[in-house]
């Protein structure tokens, strides 16, 4: 389901203001303020996301209007009809899903967040003719975890109390009855949601709606981590904190086991399907996909525990026989779970059926056609660039639409490739630096082309066989007008050459009214994790980084550097960090800082570094080098020791503790000399309710530093009560950025040999 609150009626015929291949710098005199960038986020481009629907006319979609009503609109003609009036929408509606024939709406209400993607809710089915609402479960109490229509609309599968149910014409069948705290049916446990599936469901209907494949997770034996909540959303703290008992497997600990099940909806028969690609205790199922137009074949992408070996196992539904149809060895690094398998069918005159997937088996991530029956794959794209997303598959035209880095790793352009001729066609001018995306209609005849930067984003509507837009969908004219009042930091992009000959992508933000004759402090803002990317030519939000480059009392240059190990520059570039996280990443950030220090407009004595999550870890590893290149470090929600993080993420890059003990020891932040010597000190921030990167990381790091004699003038610590990894509880986010602003101001004003308090010069007796 996609929310949209913007009407498309009356949109411009085409984009009024041409965009430039660089970020805007404004044409006014106003400077961005803290309140505008951090508190209110006042200047933000908008975009619509539509839920395309299949009707007699291609280009129809459903959206929720500003008054709350559900409407169907033709993106081609702008004709609009009301599906559900505003006064018939259920109270406290959070989300909705439309019946395939538009006869009913499935509503989620009474929303309660769980983890990153998951939530609990009540669900109601609304008949569009009578507008009557029926509860999906009569006794529901905000406890349903997931619900989904079949592709044909004959039934709804839903998950409650970790059990799978099927609703058909007001009759409900319970499919599993063993769900509980340690057994999950149809929904992932915490680690599969966070690290593998990246979503809140683990069930998939066959294309014809006859079968349901779902995963069953068994957490028996998985160690428990306790997260305390001191306030627990109360105004006055309870005498005893609420404790969340979370099954959280850390490095080399027991992982949940996973099992594939098939349900035939007509008979209600459920069958477990063994996947023997790897030992059951080692098996990770990364993806489930139906490789058929009906219900003949379902496939799973299976990995070993450390995710450097992969097998695609196809299951014949009729016989339940399984066969490995594709296999990869990635022991030179790791294998990413890209969730990109999709059925194509026969190609050309051949009756052999194929599916498409993204694979970096050539050293670069590209599109490949794999035979469903097994055999040699066919490369659709190739070269020293990478495919990042499959957007649409047009079977009648035999085309795949995709995004790639063909022009540059910091850019995304839209292309199609024919699986008949292998001809690649750009749908945008790929010689102009930009980031694009697109959303295709249900029959593939139209698409919304989204320009995402570096200039102010906009969206145009195209017909698939036209090179000119039909009209503009979103112009963001209000943002363009607002920017006329401001003068903005100047964002530039370049590459730094390492001694090895490799290059690092850099995004530099120069302060407002920059003068090359002045010297400015610098803030490095890395993330730096495996496969990640921060340096992108997408629109850069007018956020905290824009603020510190605008405030006349701060005027910081910011550098964002994508170190070795980050994504979209080929397998060799990213896999160098395997089994030694923190080493090359820190070396690259130090190298970049040393290069920055040589610039005539950089104050080499005031170069700071701040990172969040993996960026917080990387900041710590940089400080640990004791290079002298950085004068201040800020670590927000950092990992400090990979033994403390979850197994499925960590072992993908570090292998097991038993096989790589030396690597784990080297990757932990334990050397204190850099913390003692960093001239402006270090600030460590962490939420006590972080269920992802546990507060344990900061607690252990601070104990190491204090125990080793790091002084109070060098170390400041700030915890955020009950905040999770995003640090937003009870105003924590604004406090965090105010504190960071204060530290950056103090660092800018810090004198190299300033006087200190007398008690800091001698031992305290």
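Cβ atoms here come from the backbone N, Cα and C positions, even for glycine.
Here's what Swiss-Prot has on this protein:
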type: ACT_SITE; residues: 613; note: active site, charge relay system
type: ACT_SITE; residues: 690; note: active site, charge relay system
type: ACT_SITE; residues: 725; note: active site, charge relay system
type: CARBOHYD; residues: 35; note: N-linked glycosylation site
type: CARBOHYD; residues: 78; note: N-linked glycosylation site
type: CARBOHYD; residues: 101; note: N-linked glycosylation site
type: CARBOHYD; residues: 110; note: N-linked glycosylation site
type: CARBOHYD; residues: 169; note: N-linked glycosylation site
type: CARBOHYD; residues: 218; note: N-linked glycosylation site
type: CARBOHYD; residues: 465; note: N-linked glycosylation site
type: CARBOHYD; residues: 490; note: N-linked glycosylation site
type: CARBOHYD; residues: 665; note: N-linked glycosylation site
type: SIGNAL; residues: 1-14; note: signal peptide
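Take the CB of residue 725 (active site, charge relay system) and look out to 10 A: across all protein chains shown you find 18 other CB atoms. Classification of residue 218 (N-linked glycosylation site) by DSSP places it within a strand. Among the recorded positions listed here, namely 35, 169, 218, 725, 169 has its C-alpha nearest to that of residue 101 (N-linked glycosylation site).
Long-range Cβ contacts of residue 665 (N-linked glycosylation site) within its own chain (separation 6+, distance under 8 Å) are none. The glycosylation sites under consideration are 78, 101, 169, 218, 490. Their Cβ neighbour counts within 10 Å are lowest for 169.
Working note on the recorded positions 35, 465, 613: by count of other C-beta atoms within 10 Å of each C-beta, 613 ranks first.
Note on proximity: among 78, 169, 465, 490, 613, the recorded positions of the record, the Cα nearest residue 218 (N-linked glycosylation site) is that of 613. A separation of roughly 24 Å, to the nearest angstrom, links the Cα atoms of residue 35 (N-linked glycosylation site) and residue 613 (active site, charge relay system). Checking the recorded positions (78, 110, 169, 465, 613, 725) against residue 690 (active site, charge relay system) with a 10 Å Cα-Cα cut-off leaves 725. Residue 169 (N-linked glycosylation site) sits 23 Å from residue 110 (N-linked glycosylation site), counting Cα to Cα. Cβ neighbours of residue 110 (N-linked glycosylation site) (same chain, under 8 Å, six or more residues apart in sequence): 92, 94, 121, 122, 142. When the recorded positions 78, 490, 725 are ranked by how far their Cα is from the Cα of residue 465 (N-linked glycosylation site), 78 comes first.
In this structure the C-alpha atoms belonging to residue 725 (active site, charge relay system) and residue 490 (N-linked glycosylation site) are separated by 30 Å. Residue pair residue 490 (N-linked glycosylation site) / residue 78 (N-linked glycosylation site) shows a Cα separation of 39 Å. Each residue contributes its Cα atom, and for residue 613 (active site, charge relay system) and residue 78 (N-linked glycosylation site) these two points are 44 Å apart. According to DSSP, residue 35 (N-linked glycosylation site) sits within a helical segment.
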